[in-house]
Amino acid sequence: VDAFQAWCGPCKTAVNLFQKIRNEVGRNLLHFAVAEVDSIDALEGYRGLCQPVFLFYAEGELVAVVRGLNAPLLRKTILEQL
């Protein structure tokens, strides 16, 4: 989940990275979503940040968080979680 604030919008660069990885590993294994933290109470802890935050969930549980657009770290985290 790309957790973003309305003033900055979702990270467009990350979408391309996620799509590329999703094509490599299979469309059924990786799902990508965006969530505006200003409108979701459960994500209020991510408000006020000036960098992208990526939340990784498995079976409804938060399993990893990556702060900032670090493509190698995002890729590594995705592959480890899969």
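Positions of Cβ are set from backbone N, Cα and C atoms, glycine also.
The domain 'Thioredoxin' annotation in TrEMBL covers 1-71.
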Check the domain 'Thioredoxin' (1-71) for me and report the mean pLDDT.
86
Would you list the DSSP helix, strand and coil counts for the residues of the domain 'Thioredoxin' (1-71)?
24 helix, 19 strand, 28 coil
